[in-house]
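Heads up, the thing below is written out as structure tokens.
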Amino acid sequence: MGRLVGLELSNFKSYRGVTKVGFGESNFTSIIGPNGSGKSNMMDAISFVLGVRSNHLRSNILKDLIYRGVLNDENSDDYDNEGAASSNPQSAYVKAFYQKGNKLVELMRIISRNGDTSYKIDGKTVSYKDYSIFLENENILIKAKNFLVFQGDVEQIAAQSPVELSRMFEEVSGSIQYKKEYEELKEKIEKLSKSATESIKNRRRIHGELKTYKEGINKNEEYRKQLDKKNELQKFQALWQLYHLEQQKEELTDKLSALNSEISSLKGKINNEMKSLQRSKSSFVKESAVISKQKSKLDYIFKDKEKLVSDLRLIKVPQQAAGKRISHIEKRIESLQKDLQRQKTYVERFETQLKVVTRSKEAFEEEIKQSARNYDKFKLNENDLKTYNCLHEKYLTEGGSILEEKIAVLNNDKREIQEELERFNKRADISKRRITEELSITGEKLDTQLNDLRVSLNEKNALHTERLHELKKLQSDIESANNQEYDLNFKLRETLVKIDDLSANQRETMKERKLRENIAMLKRFFPGVKGLVHDLCHPKKEKYGLAVSTILGKNFDSVIVENLTVAQECIAFLKKQRAGTASFIPLDTIETELPTLSLPDSQDYILSINAIDYEPEYEKAMQYVCGDSIICNTLNIAKDLKWKKGIRGKLVTIEGALIHKAGLMTGGISGDANNRWDKEEYQSLMSLKDKLLIQIDELSNGQRSNSIRAREVENSVSLLNSDIANLRTQVTQQKRSLDENRLEIKYHNDLIEKEIQPKITELKKKLDDLENTKDNLVKEKEALQNNIFKEFTSKIGFTIKEYENHSGELMRQQSKELQQLQKQILTVENKLQFETDRLSTTQRRYEKAQKDLENAQVEMKSLEEQEYAIEMKIGSIESKLEEHKNHLDELQKKFVTKQSELNSSEDILEDMNSNLQVLKRERDGIKEDIEKFDLERVTALKNCKISNINIPISSETTIDDLPISSTDNEAITISNSIDINYKGLPKKYKENNTDSARKELEQKIHEVEEILNELQPNARALERYDEAEGRFEVINNETEQLKAEEKKILNQFLKIKKKRKELFEKTFDYVSDHLDAIYRELTKNPNSNVELAGGNASLTIEDEDEPFNAGIKYHATPPLKRFKDMEYLSGGEKTVAALALLFAINSYQPSPFFVLDEVDAALDITNVQRIAAYIRRHRNPDLQFIVISLKNTMFEKSDALVGVYRQQQENSSKIITLDLSNYAE
């Protein structure tokens, strides 16, 4: 393979004029330079000359790649148009010198100011296609950009989605060249497949039409026969319905006349009884007012007592608070006394320290003055000073210089050790002061507070236990009273229910009692008697009660018996005993069918038989009384089922509204109560009610105070629970704080003993060793000075040591020590001032606490006096309360007697009114039934008219005179004037008015209708059959053509898919096989010899069948890290992973050179070293690396350097190169 040996840039971006760059024989070249110098422009130049588009070169349009100079100010006198023009050239080019074997190929790309670009190879202009073919032959893929990595591309690769990564593999593998053809063929297949499927569906549909039309021709004749049969059956059904409606109406008319006479007689009796009752009520109201007034007085007195008791408890709360406040203040005073004593000790200690330091300062100042007085004694004249200087130079020459230097080094070391020793002494002093002045004091306070909290907690627990015992006793008393009250209320509720039943339905109760006595008697004599219908069934839900009673109707009080023989024997027995009448339902002879609902299940309606509970043995009887009736939630639902859904059965709403089978709508009737008692039982119930009310009232009054006290105790327990929980939390927190305080004291002691003190000892030892060494050197220095300055010292009269000791160095040392003493005095004064201020503050707090204690004691005394006064008032009120209770008891006894007398009169009147209402309801029911039968007759006749049913008429008025649109009185009159001839109705239908006859006719009509519905005649069946046969031939030919074309295109598609998949998988398999090894090498510790050291990396295809249409997941696991997705890796880890992928892809179709622009930007030093080491290992004559980098860890490993810098005067980037192969690593 070839290599890139050099570049030549002319006016390209920041490079003005012609700039040449040579890479020589280097296989690892680094381009370096400061930011903004033009390094990345070099990358753009390489990309530009190799055909990369401008949008990848950080420029929107090509002309922006031409160098642009800086124009001078237009107002300048030196402005030169020609110079300005030359600084902005009109074109630019880049040449790349590519070594291919022994031949050097010159690649050139030119760009003009108007945006035109051209390409040359060895000076010959070629097209872009030829230019790119030449590069592709050298494995330089322009579209895949396998030869370069732009700045920022590494981060983009690491952040790529699986689909984007798959797209990159397509470009590298070359499978993308088949993408367009693949998608076009796939689209054609989908269209052809859709068309063929649609055509097959049409063919099947037309074939079905042929069969349908053929069958329709055969059904037309059968349809005509069945239609005639249906008309005859509908005629019989209409005659049967009209005949029985007329019979039922005649029976009801006779019964209505008898009821009207009985109602008139009962009304007279009621008027006489009401006048007598009014007189009794007036007397009763007056006595009731007296009792109410007495109860009100008793309530007011009781409320006054409750208020005083509440006030007494309210006094207890501030009493307890005042007691706690006094105890708290006393403990605070004790604590403040300790603080005062301790702070006075601190003040005395710092005053003593201040005196000691001040005396030391005064003594040192006197010493300085004495040294100043001796200064003139050791002063040299000018000649002696010259002599001293000459001798001093001789001294330095003969070894004094070395000694002075050693002594200076020792002094410096000594000063550093002293400073460090002073720091450790300060740390020890700080820790000791922290322990004595803060932590110990805080610990004492925390310990005291903890003991106080424990005492408070024990007191609260004791009080909580006492309150719980009291609360349990109160709750036990209240529960016992509540149970008694519940029992009494339950009895009262039962009594009231029974009273309501008896008072509202007195007549009906007597009838029901008589009926039940008869049934009980029949059960004794005839074992086959089962019981009353309403006793043997009941609604599943309470809301169905009214609807079920409406449906049962006259069968509500019917008697279910085992067979017809038992029923006949029972009827004969009742006649013989003159015991009244009853209806019987024999289980063996009644004919029923299982009711079914020809509608989807819904919560809006339900079959009546499904709404009741009963024993399985009575199922036949329940089917008989319920029939196929339906219970609906609302009237609108019932109307919808009747007239829109065509339901023929009876429809009843839960409010009692009824729609008959014939379409007649009537109101519902209320269900009767279950328990009915006679008049004597009613009187005993009223007496029991009054007695229960008095007992409940007495029990409630007795428990009122207990309930109030229980609530107060319960609130107190709740508050105590909260206080105990808070105190326990505080105790825990206080323990934790105390443990932390002790732990901190231990920490500071351990710090002093184990760390600071050993270090101080060590430093002192070092200081002693330095002093000994210094003394030896000083002695050696003095010996040398005495030898050299011997004659001179004899002349001046004092030694050189004495002279030097009284020089400027001594004065500076004394000044420094004096400053240290002054600083120490200032520190002690500040501490003394702080402690003095703190002592004053504590003293003020102590005085305030004393005053607070006096105020709390005064408040406590006042509260005790208030408590005594309230207790006296409570005693007085309790006596008054007892007196009023006794008076109320006497009044209530008299009231009960009067109430019993009044109840007796009301019961008599209520019985009469109840009987009257029963008669009126019965009369209204008969009227409604007559109207119902009239409406059903009108409806039946209308149905005949609408359905064209010809029934025989013997009157002049016919059904043609009946209006269809309305059902008013006129329509009923017309209906009643129509006489129908029933001779054509068979005898069995005249005698049978049961559901079996109706269902038999309906079943026959339904069977015929089903046959007619199945036949569905089609008059044009033959004509349409011929038409469909022609269309089937056309669509069949079209379908076969589409299937053949689909097969042809599918074969072409599979070939293209195979080529595309093979190219893609070949690239993927290669990269996947080499990726892990490359990543392991990039992440391996350079010092590790383990073969499998480093991280792991892998690629996974999401779709094995069409990998190019799905994504590729890239997973990289750095060394010693657990597995996680790429997005959760750090920036450096992502960069290394991306580089491993790039290197693996490059190794598949290796380009002759690989240019990397600042790929190490996000890497730390270790990873940069690994990348550099990888490049050095893999560089070779067939693989040249050119790296743009700012990090010396990278470029110091390269074979050659290309330096880029900015020439500010020319406003241009410049190049310098350096071959590193001549230098040792």
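Glycine too: its Cβ is placed from the backbone N, Cα and C atoms.
Taken from Swiss-Prot, the feature ATP binding site applies to Gly33, Pro34, Asn35, Gly36, Ser37, Gly38, Lys39, Ser40, supported by sequence analysis. Gly33 (ATP binding site) carries neither a helix nor a strand DSSP state and counts as coil. Taking a C-beta cut-off of under 8 angstroms and a sequence separation of 6 or more, Gly33 (ATP binding site) has the following same-chain neighbours: Lys39, Gly1203, Val1204, Tyr1205.
Among the features that Swiss-Prot reports, coiled coil is placed at 173-489 (among others), with the record citing sequence analysis.
Swiss-Prot lists 679-1063 (among others) with the feature coiled coil.
Summarising the annotation, Swiss-Prot assigns domain 'SMC hinge' to 527-641. Counting residues of the domain 'SMC hinge' (527-641) by DSSP class, helix then strand then coil, yields 56 helix, 22 strand, 37 coil.
Among the features that Swiss-Prot reports, motif 'Nuclear localization signal' is placed at 1057-1061, with the record citing sequence analysis. Averaged across the motif 'Nuclear localization signal' (1057-1061), the predicted model reaches a pLDDT of 88.
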>> Taking 8 Å from the centroid of the Cβ atoms of Gly33, Pro34, Asn35, Gly36, Ser37, Gly38, Lys39, Ser40 as the cut-off, which other residues in that chain fall inside it around the ATP site?
In response: Val1204, Tyr1205, Arg1206, Ser1213
> In this structure, which of the binding-site residues Asn35, Ser37, Ser40 has the fewest other Cβ atoms within 10 Å of its Cβ?
Replying inline: Asn35
> DSSP three-state call for Ser40 (ATP binding site): helix, strand or coil?
Replying inline: helix
> Using DSSP, how many residues of the motif 'Nuclear localization signal' (1057-1061) fall into helix, strand and coil, respectively?
Replying inline: 5 helix, 0 strand, 0 coil
>> Given a separation of at least six residues and a C-beta threshold under 8 Å, show me what packs close to Pro34 (ATP binding site) in the same chain.
In response: Tyr1205, Arg1206
> Least buried of the binding-site residues Gly36, Gly38, going by other Cβ atoms within 10 Å?
Replying inline: Gly36
